[in-house]
Amino acid sequence: MKTLIKNGTVYNDGRLVKEDVLVEDGIIRAIGKDLHEYLDDDYDELDAGNLLVSPGLVDVHVHYREPGQTEKETIKTGSAAAAHGGFTTVGAMPNVDPVPDTPAKVAQMVAKNKQDGLVHIAQYSAITTDRTSDEVVDMAGVKQAGAFAVSNDGNGVQAAGTMYRAMQAAKAVGLPLAAHVEDESLLFGGVMTEGDRSRYLGLPGAPEVVESAQVARDLALAKATGVHYHVCHVSTKDSLAMIHFAKQNGVRVTCEATPHHLLLSDQCIDGHDSNYKMNPPLRHEADRRALVAALNDGTVDMIATDHAPHTEEDKGRDFCCAANGITGSETAFALLYTKLVKTGLLKLERLLDLMATNPAEAFNLTEAGHLEVGKPADIAVFDLNHPYVIDQRDYLSKGINSPFTGMTVYGQTVMTMVDGQVVYQRKEN
């Protein structure tokens with residue numbers, strides 16, 4: 001079966017061009033302005049006039065809660081939410097129960113992801129057994145079982161010796177190591193960033209050095225080992241400065257920023273609405289501005305959502321006791337397009353690189369991130385011209401925990417295609 005996506009503004013090879021895309025048998029057959037030579041009488045047509053046609057977005061940081069907490073999210077609901085947001089490839093973090101920390105457990109997750117996922121789900125292995133021990137996993141074994149990278153996300157690796165051995169092992173087999181950077185000895189019970197706002201609200205604050213101290217340590221270890229070291233959800237200007245310096249000096253480091261750290265600061269916290277509670281916590285306005293600048297200067301390589309659904313019960317508690325995290329898959333592109341591209345802070349081409357091309361290339365997801373003849377037809381179509389209101393009733397995720405509910409944005413997903421199959425389509429009014 002053939003599908004012709006016609007008259008769209010197509011992002012391809014770094015350029016936005018008015019052209020058509022022909023999909024046949026799950027792959028991209030042709031891209032161009034006149035594709036009639038490829039057509040017969042049996043094809044479907046999608047008129048993408050006034051719409052953006054993009055490579056399917058890539059999010060290397062999601063939490064699908066299955067197995068262990070399926071009341072919060074499942075592979076099916078999480079991947080449906082990803083498709084709703086225009087994502088066709090995601091990276092599933094290993095903070096599930098049981099933790100995928102052996103080749104057998106990783107293989108089980110890979111098979112389950114393939115069975116239940118509406119999008120391509122790349123699976124992380126843990127770095128250490130149970131994500132909290134000092135025993136480094138069998139890196140060669142988990143890679144052979146299908147892990148695309150390793151991470152203990154949700155916890156930082158506390159012992160420098162453990163991290164050094166993990167980096168050596170990951171480097172030996174060519175696995176990226178993605179780090180949740182948090183020195184737990186510096187938390188001091190903080191539930192938000194320490195500063196004027198935490199003192200005003202009377203909430204316990206944790207200093208920003210919680211993050212930057214571990215970034216500094218890990219960059220030294222990454223330089224010593226040569227591993228591909230990836231910093232998850234970077235959030236402070238000091239961390240950015242060190243990452244920028246490390247890149248200039250040959251360290252193989254990449255990093256991601258989240259939409260919420262790019263768009264919100266600790267000034268948004270009122271002490272009651274726990275939708276503003278996440279980890280890393282919202283930072284100072286100077287950090288937020290530094291993150292936005294780092295999107296343009298290349299310090300930040302990609303945007304990842306850290307999609308973290310929770311039940312209303314877990315998020316409805318007192319701010320100090322509520323769970324960390326917000327949902328992100330379904331709103332990320334629209335929020336960033338509205339708040340960064342439409343305001344002139346970021347070019348659309350750069351946003352698409354940050355959300356599709358760059359993460360795919362950094363993590364060697366070779367079939368993702370590009371529209372290319374002969375490659376899988378993983379495609380997202382967005383409406384950049386008509387505003388809509390973010391409404392939790394529209395979410396396909398089980399989690400509705402978002403501080404962005406009620407915001408008017410542009411960039412609604414019209415259609416998402418995975419391997420040539422439509423996995424999400426906007427309902428027309």
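Including glycine, each Cβ sits where the backbone N, Cα and C put it.
Remember, it's a predicted structure, so these values are computed and weren't measured experimentally.
As annotated by Swiss-Prot, active site applies to Asp306, with the evidence given as sequence analysis. DSSP gives Asp306 (active site) a coil state; it is part of no helix or strand. Residue environment of Asp306 (active site) contains 30 other Cβ atoms, counted within 10 Å of its Cβ in all protein chains.
Secondary structure from DSSP puts Asp153 (Zn(2+) 1 binding site) in coil. Positions annotated as Zn(2+) 1 binding site by Swiss-Prot, on the basis of sequence analysis: His61, His63, Asp153, Asp306.
Here Swiss-Prot flags His63, Tyr64, Arg65, Asn95, Asn279, His310 as substrate binding site, drawing on sequence analysis. Taking Cβ-Cβ distances under 8 Å and a sequence gap of 6 or more within the same chain, the neighbours of His63 (Zn(2+) 1 binding site) are Glu73, Gly78, Ala92, Met93, Asn95, Asp306, His307, Ala308, Pro309, Gly325.
Cβ neighbour count for His180 (Zn(2+) 2 binding site): 24 (other Cβ atoms within 10 Å of its Cβ, all protein chains included). Taken from Swiss-Prot, the feature Zn(2+) 2 binding site applies to Asp153, His180, His233, supported by sequence analysis.
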Pairwise Cα distance for His180 (Zn(2+) 2 binding site)/Arg65 (substrate binding site) [Å, integer]: 17
Euclidean distance between Cα atoms of His233 (Zn(2+) 2 binding site) and His61 (Zn(2+) 1 binding site), Å: 9
Rounded inter-Cα distance in Å - Asp153 (Zn(2+) 1 binding site), His233 (Zn(2+) 2 binding site): 10
Among Asn95, Asn279, the one of these binding-site residues whose Cβ has the fewest neighbouring Cβ atoms within 10 Å: Asn279
